[in-house]
Every structure is written in structure tokens, then in C-alpha cells.
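A.B. asks: Here it is, the structure in full.
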């Protein structure tokens, strides 16, 4: 067959429109001069200016970034450990349960994750007195929990495709287990960990449902602020904010993809 | 160490160590067993390897040769038995403390490190001063002629170059024992032959004991001082290359190494220095120049290599050690020709003859009726 048929091209076109039309509309309207969201009043960046002067949104953005950074970092460490256990430890009791747990957050409704974590935090507080109340700490714990699953999956698949003779070669050349890990294994799986970190960062930044369950007063994350504002009516300011978030998330996701690609090429025979 | 700066190591040509009954073995493998669950990978193997040897473990896939090598390196623990290297029991020595280095079949070069850093890896683990590390890395890279590629990453090298980096990396620590797992497997034929001679040169020059695992019998024949032929986890014969070829001690070795024609027969006469075997395929008696010391009428196989036959159009004077047949296939190979001759019993015999004359008019061809003859000392009687 020569080239692509018109039917395929048409399907591709529809796909692109469905996926990107809403986002493009949002971006275009964020540059709208008019106060009315749906009425075009000419180009302007005044809503971006106003956005940066809105203290509530700026505070929420800072909280979100902080939580995303900490949870992504914790998830990267814990997820790497989990990935190691799953790919390197032989058969052990509970392996299936653990493997199931790693993939659970990918399919579990967020409402359930949020609710179960809330119940856990409340129970823990009444039993140990920690975490006292709900706020940044509980959101970080909740986000770490579901993000580490993503890191574990990425790291596990990386370890599975890694040539184990590389580690044997390092041992053969005199590397003890600790230096073996830091000199050979870690550098080789670092791209996987980094892309897992980026993925976790964006997931944490995006999350509304779980955060709503486990956050406390004065600790609203950015998605929570947006959601509550939108319920009172969409303002052009929110369009500007949403555009910036799309930009940030796109950069993170593209970076993750590029890192994985480069690494695969590098790893080639 | 560049080639010129190395003090020439003289390997004694006379009476190799493994032929002297008094020599101390350098590597001693004592009744090693290795089980993987129900599967026995290595079955009660005992083997002595001497200093300066280039010992080849030869066998098909699943014969246990790689498992044995991995136990020498310390990657696998024997289920029972022990290994001594230079007199020291290695049972509880982890890989990173063994005086052994290995060259992996996949080369296992660290993809995130440059050629230089790959080679320096082992030396740095020893905690050598950086000046010495640099010097030794540069010297060994010169020796394998890769000095100009020191800064490259492995994925920017050709297969042959990677192979030489792997070799340099395993030699740079000056191990007492070098293990090579199918070292030439991934190279094309021409490069393989060059590297074979290169390996032999290095081995003589550096005086390191080599243990090579290979499935390629030609490679083993060229390289080895001695060959251990493995099958189903057992070493079936340990001998020098020509012995393994000319005096195989059982049917597996005879058929695994080179080509062979096997004739089934019954011993009808067994003296101290000769024996006669009746064989249905050859019709005439087979006479061998040594006794077999077996029960009368024992069933045996007589192995005759393809190049040991004389092929003629005229009937030979004596009937002993002769037979006749029809040429059914001819393959001209340049230096030699391969003929297949069908005997009256239906058995096909493979024969090779050197093409001594350039344009011989009387070369044998299809459907020629020919006589085959061989000497009493060119056949081997196999009882197992």
C-alpha cells in the first residue's frame, strides 16, 4: 500500500480535534480581553497579570508545588525499592499481593483511595496522635502512596530489561554490593527513576480528589482552589492559570518521554 | 603494558605441566555438583587445570560448561564439592574477592562509561593511585590497539572493538585466572581467526591461566592446550586436542568433534596387540593394531575419520580393512573433496581426499565403483 488512505487521515484528524480542540480553546480564551469568558473581546495578557497578583491562587500554587516536589521525591525512593523487590527477589510469600498493590492505584477509583486514606489518618490520629490533624503532611503521604506505584512500575520494567551480566561484571571486577549499586545499577536505572519522578510530580500537581479528602483547612492545593472558584463561575483568570498548568505538565511529560527514549537508544545492542 | 615492554615469558615447550604426574594443579575442581531444582547442571565433575594452560571446556548448549565457568567466577555456588584456586578454597569467597576475571559472552561493557572508564573500573576498586590506574589503562588499551578510542562509549564501537575492550578490561587487573565465555562467538569468521591467534599470543606473553568455554570445536582445537568435552553435566573426556580427535574415548566425543564414520561390529579375535572385528557393513574383517581387552563377542563401534580412507578404482591386494561401494555424492571444496560412498549394506561412508593435483582427469565422480582401504592404526574401537 502506498501512503495512507484518506480514511486513515480523516480518523487522525478527528482524533486530533477531539483531543486538542478543548485545550486550544482554553489557551485562546486565556488571552481574551473581555471579562465574559465566552465573549471574544480581543487579545490581551491582562488576566495573566491579574493571576500573579491573586494571593490566594499564588499561595495554593506554592503549596501544590511543594507537595508535588516532596511526594515525587519520596515516591522515587520508595518506588525504586519496591521495583527492586519485585524484579530481583525470587518467589516470596505475598509477592502476588505486592505486585497487585503496585498496579492497584492505576485502576482504583480515586474516591476510594482518598476515602481509605482519610479513614487511616483519622484512626492513626486517635491511636498514636500522629499525624495531628490534616494538612500538608497528610497530602504528601497520600500522594507518595499512589505515586510510588508508578515509579515502581517504571523501575521494575527497567530492571527487567537490564542485562544482569553487567552487575556480574562489576562484581567480577571487584565491586562490593554497595559500590556495585551506586556505580553500575543506579546510573543505569537513573533515567527510569527520573521519569518516574516527573510522572509523580505531574500526578501530584493534578490531583484533586484524593487531596480533597485528606487536606485540612488552609492547605488547599491549586486544583482545589480552581475547583471551588469554578463552582462560582469561570473567570478568565482561571483560563490563564489552566494554560500555565498545561504548559508545566506538558513539559514534564515530554521530558519524561525524551529521557526514556534516549535511554532506550543508549541501551541498544 | 605495551607489547615491547613485557619481558618475554618463556612457556616451556617440552613436557607441559599437565603431563607431569608431580605438578601441582593451579585450579582444582573437586567433585562439583550443581542442581537447579530438579535439574542437574553439573554432575560430579572433578578437574585439574595447571598454570599457563589454555583449557577449553567444549560442549553443546545445556552441557553444563557455562555453569561450571560461573562457579569458578563465583556467580553460582556449587550444591556440593569445592573449588581451589592456587591452593585456596574458594567456597566462601565472593566474586569480588576472587583472583579471577571473566570475559563475558555479551561483553557486559558498562554502557554509561567510556572505554577508558570501563577498563579502569576494576583497578579503581582495588584503590590504586590514580596515576597508576591511568598508566595501566593506557598500556592495556595500546596492547589491544584501542588507545585512540579511549573516550568513546561502548555503543559507538563495532563488535570487534567491543570484544577487545572486554578483553582489556578483564586482563588489566592481572588476574591469576582468566575465564572466557564464548569469547569469539559474536565475531565474524575472519575476525575470529585473527582473535584466536591474538588470544594465544596474549596467553603465552602474560602467563595467565585461561579457561575458555566454547561450543565451537574448531575454536577449541586451535586455542586449547587441553580440551574437556562436556555432555549432560559430565566431562566425558579430558585430553590434548589431537588426542581428543584421534583417540576419542567414546561415541559422543567421536561424533561431537569433527566427522566420523562409525561401524557397528562384534569382536571375533582379541590378542594383546591386535584385534579383529566382524562388521556387517564392511563385509570384510576389520583389523586393529591394539588389543581391546573385552569379553568375547562384545558389540563395539569402530570409528574411522573421513580422511583416513584410501579410495581406489582397483581392488586392493588384501581384503582386511577394505570395503567397496558406489560414489553417491561429490562435493568439491577447493583444498579437498568430500565423497559419499554407499556400501552394499546401504550404509553411507563419508570420505575426504586432498586435491593434490590441480586438474586431475581421473577424479572420482557419481556412480563410480570404488574400493576403500584404511590402516590398522587409523581406526578407533569404542566400547561406550
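Cβ coordinates come from backbone N, Cα and C, glycine included.
Whatever TrEMBL says is automated annotation, not expert-curated.
Keep in mind it's a predicted model, so treat the numbers as computed, not measured.
According to TrEMBL:
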{"type": "TRANSMEM", "residues": "A:12-31", "note": "transmembrane segment"}
{"type": "DOMAIN", "residues": "A:61-259", "note": "domain 'ABC transmembrane type-1'"}
{"type": "TRANSMEM", "residues": "A:67-86", "note": "transmembrane segment"}
{"type": "TRANSMEM", "residues": "A:98-124", "note": "transmembrane segment"}
{"type": "TRANSMEM", "residues": "A:136-157", "note": "transmembrane segment"}
{"type": "TRANSMEM", "residues": "A:178-199", "note": "transmembrane segment"}
{"type": "TRANSMEM", "residues": "A:238-260", "note": "transmembrane segment"}
A.B. asks: Can you work out whether the transmembrane segment (A:238-260) touches the transmembrane segment (A:136-157), with the criterion being 3+ CB pairs under 8 Å where the paired residues are 6 or more apart along the chain?
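C.D. replies: These two stretches do not touch.
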A.B. asks: Which sequence-distant residues neighbour the transmembrane segment (A:98-124)? Criterion: at least 6 residues beyond either end, Cβ under 8 Å.
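C.D. replies: Result: 82, 85-86, 130-131, 134, 138, 141-142, 145-146, 149-150, 152-153, 156, 207, 209-214.
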A.B. asks: Would you kindly check A:12-31, A:67-86, A:178-199 and say which stretch has the most C-beta pairs under 8 angstroms to the transmembrane segment (A:136-157)?
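C.D. replies: When the Cβ pairs under 8 Å are tallied, A:67-86 comes out ahead.
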